[in-house]
């Protein structure tokens, strides 16, 4: 028997495929933890944001809280739901590390990740529009910028957007990774 050169597409491909799929599953797990931290931090940061202007009398005070605007409430709820989902999806991610050939759990994660991406991007985008108005105002509608008066409130709401948009980017990567892992099974 004569041994010839291995051509492209031949040879032992099951062992490297399993190793690559395991590496993808480990990266999936790490990204889920990163997204969990970002979305939970965003929800906590926004939910604990408030500021009272100090220069008014005891009878008249101006106070800014996150729940003054329904958009920020939606932002907190969306980030909280996504954080809970990410926490509960970690066992599926661990299962994919242990059983790198599992397809059904990856399909389930792709479907749920896509739904959570939609929810998170809706909450983050809506809050970003209100944060922009808080910083810039709108001259046409006579909405003045409030960030000149409520400095720490605006800094906190702006900062809470960062973790949420990091979560959006991580979800895009998670969906892409799961799609790559599923395509390698064939």
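We number each residue from 1, going along the chain as drawn.
In case you wondered, yes, glycine gets a Cβ from its N, Cα and C as well.
Per Swiss-Prot, the feature N-linked glycosylation site maps to 50, 142; the stated evidence is sequence analysis. Look at Swiss-Prot and you will find 1-23, 95-106, 182-186 tagged as topological domain 'Cytoplasmic', backed by sequence analysis. Per Swiss-Prot, the feature topological domain 'Extracellular' maps to 45-73, 128-160; the stated evidence is sequence analysis. Sequence annotations record features per position, and here Swiss-Prot assigns transmembrane segment to 24-44, 74-94, 107-127, 161-181 based on sequence analysis.
Residues 18, 21-22, 25-26, 28-29, 178, 181-182, 185 of the same chain sit 6 or more residues outside the topological domain 'Cytoplasmic' (95-106) yet have a Cβ under 8 Å from a Cβ within it. Each residue in the topological domain 'Cytoplasmic' (95-106) gets a DSSP state, and the totals come to 7 helix, 0 strand, 5 coil. When Cβ atoms from all protein chains are considered, those within 10 Å of residue 142 (N-linked glycosylation site) total 7, not counting its own. On the 0 to 100 pLDDT scale, the topological domain 'Extracellular' (128-160) averages 82 in the predicted structure. Annotation note: residue 142 (N-linked glycosylation site) sits in a coil segment as assigned by DSSP.
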